[in-house]
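J.: Structure in structure tokens, see below.
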Amino acid sequence: MGLFDKLANMLKIKKEQINILVVGLNNSGKSTIVNHFKNPNERTSIVVPTVGFSVERFENQGVFFTAFDMSGATRYRSLWEHHFKSCQGIVFVIDSSDRMRLVVVKDELEILLQHPDIANRRVPILFFANKMDCTDALSSVKIAAGLGLEKIKDKPWHISSSNALTGEGLQDGVQWMVHQIRECVANGKEHR
């Protein structure tokens, strides 16, 4: 029995990937975050804006992830909903230095939470308050308040300050996501 098989048995999951949806406005750092988690020999040295979406795979803490890295450009945001049904977790990346578009982030979050494929499911949502190294960055507490995250009562959520370029804060967030996935599996709750 291979390592993946043993891991799958421990987690009581089939040999399926854990599908996460990585969303956020354009230029928030989604692709850079996903690139950080890939094996060092698979990372790209130059990250370019995603057009449409890309699919990336990585392993972290014994969990095999398939990440759907979605474009955040206005014309592509409607594509997000095509992946809501198949995701077991959502990573919502926010540019914490982009104060002007925090209202747009809030609107997109509300659209996501009200979508029929998400609204009635207990899907964990990890928020990365990215670009925390910028001098004008809002704290994760201010972002959470600005987005009204305390109103999310039916889904586990967590906000983690991060810097996608250095990797600071990323591991903490993914550890939380892995814990949520393991907890759902242990409690016999499906992630679909």
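Cβ atoms here come from the backbone N, Cα and C positions, even for glycine.
These came from TrEMBL, pasted as-is:
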BINDING   Gly24, Leu25, Asn26, Asn27, Ser28, Gly29, Lys30, Ser31, Gly72, Asn130, Lys131, Met132, Asp133  GTP binding site
BINDING   Ser31, Thr50  Mg(2+) binding site
J.: Among the binding-site residues Asn26, Ser28, Ser31, Thr50, point out the residue whose Cβ has the most other Cβ atoms within 10 Å, with all shown protein chains included in the count.
T.: Ser28
J.: I'd like to know which of these binding-site residues, Lys30, Lys131, is least surrounded, judged by other CB atoms within 10 A.
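T.: Sparsest of the binding-site residues Lys30, Lys131 by Cβ contacts within 10 Å: Lys131.
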J.: Measure between the Cα atoms of every pair in Gly24, Leu25, Asn26, Asn27, Ser28, Gly29, Lys30, Ser31, Gly72, Asn130, Lys131, Met132, Asp133, the residues the record assigns to GTP, and report the largest value in Å, rounded to a whole number.
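T.: Farthest-apart Cα atoms in Gly24, Leu25, Asn26, Asn27, Ser28, Gly29, Lys30, Ser31, Gly72, Asn130, Lys131, Met132, Asp133 are separated by 21 Å.
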J.: Using a 10 Å cut-off, grab the number of neighbouring Cβ atoms around the Cβ of Asp133 (GTP binding site), all chains included.
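T.: There are 15 such Cβ atoms around Asp133 (GTP binding site).
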J.: Looking at Cβ-Cβ distances, which residues of the chain lie under 8 angstroms from Gly72 (GTP binding site) while being 6 or more apart from it?
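T.: Counting only residues 6 or more apart in sequence, the Cβ neighbours of Gly72 (GTP binding site) under 8 Å are Val23, Gly24, Leu25, Asn26, Asn27, Ser28, Lys30, Thr50.
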J.: Between Asp133 (GTP binding site) and Ser31 (Mg(2+) binding site), how far is it from one CA atom to the other, in Å?
T.: 18
J.: Counting every protein chain present, what is the number of Cβ atoms, excluding its own, within 10 Å of the Cβ of Gly24 (GTP binding site)?
T.: 26
